[in-house]
Amino acid sequence: MATPHINAQAGDFAETVLMPGDPLRAKFIAENFLEDVKQVCDVRNMFGYTGTYKGKKVSVMGHGMGIPSCCIYVHELIAEYGVKNVIRVGSCGAVHDDVKLMDVVIGMGASTDSKVNRIRFNNHDFAAIADFGLLETAVGQARELNVPVKVGNVFSADLFYSPEADLFDKMEKLGILGVDMEAAGIYGVAADLGAKALTILTVSDHIKRGEKLSSEDRQKSFNDMMTVALETAIKL
């Protein structure tokens, strides 16, 4: 039952799929966090894997960069493979003064300059939000693990190299915590298809302060994010 972009078979994916942007990060997660791992897809080198975490079946698959790419994979996973829960695990650039490098940010909502959700909603504004059950579970698991998290609005940008430098000041004023490129699209697809979605991000750089994580610190904060995501996945 392969799709144009996923060559997995029926039953290959768990009901919950963790999705980083980078397919090599998906491979890393599978090899370092899961047991009994099987690679289930590799079209366009967008790798997907299924294994177990603490005895529960969990899948991980890359979604690429940007809303158009992630929407393809999330749509096909939900519509064709019966996936119920999508948890994006990625990085973001902080814009808010209260957010610092290595913080874990959970996207309660996702603003965007993309038009995809307006197209989806007859040119009306759509409030792209996380599923509350996933959000509540993730926050609870973070507290149990003593992983500090910031919960709030993020901004999903179409342009990585944005010409609108003054927009970051407006984002901070409106309480936006950080910038990614996918959350709003994932929330839109999940809502449209009746699935649940959540975005958990690691702050890899601070856009306004020009700060960036070292490779060592990036890995440490990534591990915290992944543990929160996986502990959330097995509670669903």
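Cβ coordinates are placed from backbone N, Cα and C, and glycine is handled just like the others.
As recorded in Swiss-Prot, the features of this protein are as follows:
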type	residues	note
ACT_SITE	Asp205	active site, proton donor
BINDING	His5, Asp180, Met181, Glu182, Ser204, Asp205	purine D-ribonucleoside binding site
BINDING	Gly21, Arg25, Arg44, Arg88, Val89, Gly90, Ser91	phosphate binding site
SITE	Arg218	site 'Important for catalytic activity'
His5, Arg44, Val89, Ser91, Glu182 screened against the residue listed as 'active site, proton donor', Cα within 10 Å - retained binding-site residues: Ser91
Those residues of the chain, 6+ apart, with a Cβ under 8 Å from that of Gly90 (phosphate binding site): Pro20, Gly21, Asp180, Glu182, Thr199, Ile200, Leu201, Thr202
Rounded Cα-Cα span from Ser204 (purine D-ribonucleoside binding site) to Ser91 (phosphate binding site), Å: 6
Ser204 (purine D-ribonucleoside binding site) and Arg218 (site 'Important for catalytic activity'), Cα-Cα, nearest whole angstrom: 7
Spatially closest candidate among Arg25, Arg44, Arg88, Val89, the listed binding-site residues, to His5 (purine D-ribonucleoside binding site) (Cα to Cα): Arg44
For Arg25 (phosphate binding site), the three-state class that DSSP assigns: helix
Residue among binding-site residues His5, Arg25, Arg44, Arg88 with least C-beta crowding, 10 angstrom cut-off: Arg44
Whole-number Å value for how far Arg88 (phosphate binding site) lies from Ser204 (purine D-ribonucleoside binding site) (Cα to Cα): 15
